[in-house]
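*Asks:* Below is one structure. I have some questions about it.
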Amino acid sequence: MIWLTLVFASLLSVAGQLCQKQATCFVAINKRRKHIVLWLGLALACLGLAMVLWLLVLQNVPVGIAYPMLSLNFVWVTLAAVKLWHEPVSPRHWCGVAFIIGGIVILGSTV
């Protein structure tokens, strides 16, 4: 159950980062303020809940194991950036993502 909490904390943290990115996207001048307030408000909510879940994780998992698992954030953000904003990702970046996943598997298997 705690590992599910860790994954959910990671996903909420990523959602907060993505909301911040969305807040910076161009909108018509007459809708800009509402757009920014909406997306930054969602970012704060996601990041706040992620922090609470992260504290629960830290109560149950050694920080040396838990913290590297947040490297998943780099994977989630890359996938979301490609899907949501069609951002280009270089082969070198994908190689880095593969190394991150490999590292998470290695660290996760020690538990």
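Every residue, even glycine, has its Cβ placed from backbone N, Cα and C.
OK, Swiss-Prot features for this one:
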| type | residues | note |
| --- | --- | --- |
| DOMAIN | 40-109 | domain 'EamA' |
| TOPO_DOM | 1-35 | topological domain 'Cytoplasmic' |
| TOPO_DOM | 57-61 | topological domain 'Periplasmic' |
| TOPO_DOM | 83-87 | topological domain 'Cytoplasmic' |
| TRANSMEM | 36-56 | transmembrane segment |
| TRANSMEM | 62-82 | transmembrane segment |
| TRANSMEM | 88-108 | transmembrane segment |
*Asks:* Summarise the domain 'EamA' (40-109) by DSSP state, stating how many residues are helix, strand and coil.
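*Replies:* Reading the DSSP string over the domain 'EamA' (40-109) gives 60 helix, 0 strand, 10 coil.
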*Asks:* Under the DSSP assignment, what numbers of helix, strand and coil residues are found in the topological domain 'Cytoplasmic' (1-35)?
*Replies:* 29 helix, 0 strand, 6 coil
*Asks:* Is the topological domain 'Cytoplasmic' (1-35) packed against any residues at least 6 beyond its ends, judged by a Cβ distance under 8 Å, and which are they?
*Replies:* 42-47, 49-50, 53-54, 56-57, 60-61, 66, 69-70, 72-73, 76-77, 80-81, 84-85
